[in-house]
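Reviewing the structure listed below.
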Amino acid sequence: MSTFTGDNETGTIVSDDIVECSVDFQGNPSVRSASGGWRSSGFTIGAEMAEKFAYFGVASNLMTYFTGPLQESTAVAASNVNLWLGTAAFLPLIWGSIADSFLGRFRTILLTSSFYIMGLGLLTYSATIPDLCGDQETHVSCVSQVKVGVFFCALYLIALGEGGFKVCLRTFGADQFDEQDPVESKAKSSYFNWLYFAISTGIFTTRLVINYVQENLSWALGYGIPCFSMILSLFLFLLGIKTYRFNTGGEKRQGKKHNNPFVRIGLVLIAAAKNRRQTPSDETCLLLPDEETSNKFRFLDRAVISCGSYEVEEAKTVLSLIPIWMCSLVFGIVYGQSPTFFTKQGSTMDRSISSTLIVPAATLQCFISLAIIFFIPIYDRLFVPIVRSFTHKPAGITTLQRISTGIFLSIISMATAALVEMKRLKVARDHGLVGSPDATVPMSVCWLIPQYVLFGVSDVFTMVGLQEFFYGQIPVELRSMGLALYLSIIGIGNFLSSFMVSVIEKATSQSGQPSWFDNNLNQAHLDYFYWLLACLSSISFVFIVHLAKSYVYKSPK
């Protein structure tokens, strides 16, 4: 039997087999041998896989639905897709704040999953609303508006639920590993790799199956299956409740004046602003525990007397992440191209496998998932051990080195996409198809596979690296917010992509020439847009490599 003692000052329970600052579902101290670790994260990973099947069952073929049943133009459809994807990826910032400050992760998961399931149910219903065609134009217009209205309400209800569900589920899964235990701490790094492996498996399955169902059988069935998958995701999550560890706020320390971390950081910024004309005294500097960290954002040292040294260092840690976050936004823009212009690009090419079987353009996104599924085991089981033997770092390379490698690969992916699009346009010209927007360009869609594969390998480095970086480098109390920052990179990136498309569309169509995003892709210039993104990614790569050289990690990486 394990013995333990209580710490009256911190409320922490200490024992060899008791996990500090963690309780089980009954409120008792968590026992290491009976809770947490892979046994618990297995349930959250399974739930994440089912949820991603549901989400990408909607997201991966949304461009086709907008330009098909809803009859939107290419530019408007791409903008709407980017806005929705951006909203879904930005909302985790709000839900992460709510979870960290008020509801907690478990309750937030339950609440947002209900929004998620209702949204998917409503989306399925919207696909059953018929497009009535008749002599009465007003009646047709009214029905069309109802269908579009219900569809968009469902779409953003899904975004509301998905935004909170994914950020809290991933954080909750990572919380099942105790950083104070050497074995579990090492396993946590692998957790992010295998989590992304499972996510990619779910995405691959939905892109392979659901896209075909939607385009060849029924959009209603194609949206109904993801709804069932989300119900399964919630069931899998609740199935593991008896094995979960629930964090009780072990990061509590003496000297904290407020339990809410956002209040503490806000007060530090306010105090620093009020005392901006004062120079920190030697006595003030002695109160700061980490001299190296204190050299960053030195202006915050003015708040140490009012707020305390821990609060000041906490604010500095959060602010030190902002430059990395900003440099990663370009990757978020690039990330938004595969479900939009990559898909539209493929829809104009020869997609036939046989005389009767035509591959949906969105299905090509499966190669992103396949690349991830294939490369993650190689990375985790081969690359990391080999590199670790040279660098003596637990993860082989630092998280920022991993992120910068992924961004470099995304540059190659964009350059490849531009070269392939240049060839596609040449083939269209050579066969006299420039003025035929609905004609199939006699060029195999397989030409797009390299850019999808490179994009997938890039994801293994960048996306997993960003997850681990923002989870590990932010204060413990703000870890939902940390993963929300990672997800917001994709969200803000999609917003920026939508803004860029709108501006470029307006600027390039004023001269009387077809715009870069003309509805007739044989007259458009997606290649110019891809080259632009490659150049922006190159600038981002240079900045993040520079930041990686000087960044001081919160803990050894």
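Backbone N, Cα and C define each Cβ position, glycine as well.
All TrEMBL annotations are machine predictions without curation.
Among the features that TrEMBL reports, transmembrane segment is placed at 75-96 (among others). Within the chain, the transmembrane segment (75-96) has long-range Cβ neighbours (under 8 A, six or more residues past its boundaries) at 55, 59, 62-63, 66-67, 108, 112, 155-156, 158-160, 162-164, 166-168, 171, 332, 336, 339-341, 344, 480-485, 487-495, 497-498, 501-502, 505, 515, 517, 519.
Annotation source TrEMBL lists transmembrane segment at 108-128 (among others). The list of residues near the transmembrane segment (108-128) in space but at least 6 beyond its ends in sequence, with Cβ under 8 angstroms from a Cβ of it, reads 51, 54, 58, 95, 98-99, 147, 150-151, 153-165, 168-169, 172, 218-220, 222-224, 226-227, 230-231, 233-234, 237, 480.
Per TrEMBL, transmembrane segment is recorded for 148-169 (among others).
The transmembrane segment annotation in TrEMBL covers 190-213 (among others). Only residues 6 or more beyond the boundaries of the transmembrane segment (190-213), in the same chain, are considered here, and those with a CB under 8 A from a CB of the stretch are 41, 45-46, 48-54, 56-57, 60-61, 170, 173-174, 177, 221-222, 225-226, 229, 360, 362-363, 365-366, 368-370, 372-373, 376-377, 379-380, 456, 459-460, 463-464, 467-468, 471.
Residues or ranges marked as transmembrane segment in TrEMBL: 219-239 (among others). Beyond the transmembrane segment (219-239), the same-chain residues lying 6 or more positions past its ends with a Cβ under 8 Å from any Cβ of the stretch are 43-44, 46-51, 53-55, 57-58, 61, 65, 69, 109, 113, 116-117, 120-121, 123-124, 127-128, 169, 206, 209-211, 213.
The transmembrane segment feature in TrEMBL is assigned to 318-337 (among others). A Cβ distance under 8 Å defines the sequence-distant neighbours of the transmembrane segment (318-337), meaning residues of its chain 6+ beyond its ends; these are 81-82, 85-86, 89, 265, 293, 296-297, 300, 400, 403, 406-407, 410, 413-414, 417, 462, 466, 469-470, 473-475, 478, 482, 485, 488-494, 496-497, 500, 530, 533, 536-537, 539-540, 543-544, 547, 551-552.
Long-range neighbours of the transmembrane segment (357-379) within the same chain, counting only residues 6 or more positions beyond its ends whose Cβ lies under 8 Å from a Cβ of the stretch, are 60-61, 63-64, 193-194, 196-197, 200-201, 203-204, 207-208, 211-212, 214-216, 338-339, 342-347, 351, 445, 448-449, 452-457, 459-460, 464. Residues or ranges marked as transmembrane segment in TrEMBL: 357-379 (among others).
Residues 324, 328, 330-331, 334, 337, 342, 345, 447-448, 450-451, 454-455, 457-466, 468-469, 526-527, 530-531, 533-534, 537-538, 540-541, 544-545, 547-548, 551 of the same chain, all 6+ positions outside the transmembrane segment (400-420), place their C-beta atoms under 8 angstroms from a C-beta of that stretch. According to TrEMBL, the feature transmembrane segment maps to 400-420 (among others).
Only residues 6 or more beyond the boundaries of the transmembrane segment (483-504), in the same chain, are considered here, and those with a CB under 8 A from a CB of the stretch are 75, 78-79, 82-83, 85-93, 95-97, 163, 166-167, 170-171, 321, 325, 328-337, 340, 466-467, 469-471, 474, 515-517, 529. TrEMBL lists 483-504 (among others) with the feature transmembrane segment.
According to TrEMBL, the transmembrane segment annotation covers 528-548 (among others). Remote same-chain partners of the transmembrane segment (528-548), defined as residues 6 or more beyond its termini with a Cβ less than 8 Å from a stretch Cβ, comprise 323-324, 327-331, 333-334, 337, 341, 398, 400-401, 403-404, 407-408, 410-411, 414-415, 417-418, 421, 504, 516-517.
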